[in-house]
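Attaching a single structure in structure tokens format; questions to follow.
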Amino acid sequence: MGNLKGVRIAGTGSYVPERIVTNEDLAALGCDSDWIVRRTGILQRRHAEPGQATSDLCYEAALRCLENANVSVDEIDLILVATITPDHPTPSTACHLQRRLGAVAPAMDIGAACAGFMYALVTGAQFVSNGNARNVLVIGADLMSRTVDPEDKKTYPLFGDAAGAALLVPSTQDECQSTECNGSAADSTIQTDGLLAYQLGSEGCGGEMLCIPAGGSRTPITTDGEDSASRYLQMDGRGVFKWAVRVFDESAKDVLRAANVSSDQLSLVVLHQANQRIIDSAVSDLNVPPEKVFVNLDKYGNTSGASIPLALDEAARAGRLKEGDLVLLCGFGAGLAWGTALFRW
């Protein structure tokens, strides 16, 4: 648990591939479109074209983010890319992006799957908060359509491809000096910028619930094709559902308690867009009304590390976020790993 002062999100950006894959398209492959909607809330998703790689999506999202923040490539001090679908095992996708942008900045990948953007966000915020960087470009991006088996009718429909970006910069605010923060004098001691509270966690004992068994040093991919099924994402859907709901409930309450903020003070809740049933179940115990919960998984499906920044960018462009808003973010997924943070916009 921690908090980081002196940092804010100056801009966001996102990119999704042009190709839309609807539930009706998947029905032609043998998937049950009614089941998809009923069990997940997903209506369509985006798939990258052959030849498109993760860094290509990152590049487009980065350009839009920098433009939105009115920051030039030359001003970037650090690039962080959260992904589990890198262009290559090495070099990192962040280095591919750094080269293409023409930036002169260190760059590295962070691999925490659906929680990856939260890990990258907190990491980047550390650099800004302690004065070691002024402009940190944080990106979450995944081409999940390349990791799922088209023959797996229960898993293949869940995922899509996307990239989302946020630019972290220093903030000049420290403490609330008037009643303008939240409308009462009692709020005058609440930190008014940055990550008011965050929690990163992992439960590696549950790693097998959500994994790609082959392709690493433990189980290298062979040329005989015998390990073909192990190349794809394997998921214990029921187990992940129960774990995700529990870990969000616990971590969200911990974070709100640490920040001395109640759930009714929240302006917006942005969870990892995995499944509508998970989102509904997770927020119900917080007593957060549906209108304060941002959802776009119906359009994009589960985009893994891109999920939260994609949602943040859409929320910002839709006018759902204004200066001073309290935003609760939570990502959870393979590892098992999670990251929850309370951010003042």
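Cβ atoms are placed via backbone N, Cα and C, with glycine included.
So Swiss-Prot lists the following for this protein:
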ACT_SITE  CYS114  active site
ACT_SITE  HIS272  active site
ACT_SITE  ASN302  active site
REGION    273-277  region 'ACP-binding'
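I would like each feature placed in context: is it buried or exposed, what are its neighbours, and how far apart are things?
Following the DSSP three-state reduction, the secondary structure of CYS114 (active site) is helix. Around the Cβ of CYS114 (active site), 33 further Cβ atoms fall within 10 Å across all displayed protein chains.
Look at HIS272 (active site): DSSP puts it in coil. Around HIS272 (active site), the C-beta neighbours below 8 angstroms that are at least 6 residues distant in the chain are CYS114, ALA115, ASN302, SER307, ILE308, CYS330, GLY331, PHE332, GLY333.
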Any residues 6+ beyond the ends of the region 'ACP-binding' (273-277) with a Cβ under 8 Å from its own?
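Answer is 39-42, 114, 158, 241, 244, 295-298, 300-303, 307-308, 310-311, 332-333.
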Give the number of CB atoms, excluding that of ASN302 (active site) itself, located within 10 Å of its CB.
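Total other Cβ atoms inside 10 Å, all chains included: 26.
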For the region 'ACP-binding' (273-277), what is the mean per-residue pLDDT, to the nearest integer?
94
